[in-house]
């Protein structure tokens, strides 16, 4: 059971050639945070990893939600973006920015698309954080190019111990004033669900966790973004520890493989 669930709303200023251009908006991260049930001995860490090579993750989407919230997403077809339910729950509209690396700059590669057609999983539970998955339908197919590509869905599950790579514009440090200007990535191993559940108590079959004990992980602003491996997305950034991003507690992702039937039913997209 959850001792306490809090939504950390971190205000961050963004000014770029995408939806934030010329507007004094203050973006908030809706990433859910859960109180750990056990103590993890870990030293403070830089959570953001390293800056990604520009456009090396061309399926990565930046989501500007209701002029207020920021999340990530994955382009799984020319018309569909995969993200987290906690990002889209109660939203009115979303600006989907594709082809971006630096979200504070007006990059020629960026394409911005407004959508009001999206939905969360029918059994999304914001208290237990189950079924944390959502889909965004673009109003028309986006043109694919070297900077904007789709990512494949996995045809098999990811094994414990496998090194995977989450990506996003989330905060690189707990002390950071806002999200990262540039897309970042970090390599981390998959851990067992039993070990992850020992920390949070809410980890079911639809969740996959990464071991952050080595000093790496995701943070606020990474919500909804992909967990990458071999050209496929195995997870959707879901929740982390209320103790902070730098203390070494596991990070949890929605397990994409578990939801393949649901994704196919809604979009027709298959592995």
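Note that Cβ sites are derived from N, Cα and C of the backbone, with glycine treated the same way.
Residues or ranges marked as signal peptide in Swiss-Prot: 1-15.
The domain 'Peptidase S1' annotation in Swiss-Prot covers 46-268, and the record cites sequence analysis as its basis.
For residue 71 (disulfide bond), the count of additional Cβ atoms within 10 Å of its Cβ stands at 31 [all protein chains shown]. Per Swiss-Prot, the feature disulfide bond maps to 71-87 (among others); the stated evidence is sequence analysis.
Taken from Swiss-Prot, the feature active site, charge relay system covers 86 (among others). In the three-state DSSP assignment, the secondary structure recorded for residue 86 (active site, charge relay system) is helix.
Among the features that Swiss-Prot reports, active site, charge relay system is placed at 132 (among others), with the record citing similarity to another entry. Under a cutoff of 8 A between CB atoms, and with a sequence separation of 6+ in the same chain, the neighbours of residue 132 (active site, charge relay system) are 84, 85, 86, 121, 124, 236, 238, 239, 254.
Residues annotated as disulfide bond in Swiss-Prot, with sequence analysis given as evidence: 196-209 (among others). Under DSSP, residue 196 (disulfide bond) is assigned to a helix (H, G or I) in the three-state scheme. Taking a C-beta cut-off of under 8 Å and a sequence gap of six or more, residue 196 (disulfide bond) has these contacts in its own chain: 203, 207, 209, 250, 252.
What Swiss-Prot records for 219-245 (among others) is disulfide bond. There are 28 other CB atoms within 10 A of the CB of residue 219 (disulfide bond), with all protein chains counted.
DSSP assigns residue 223 (active site, charge relay system) to coil in the three-state reduction, placing it in neither a helix nor a strand. Here Swiss-Prot flags 223 (among others) as active site, charge relay system, drawing on similarity to another entry.
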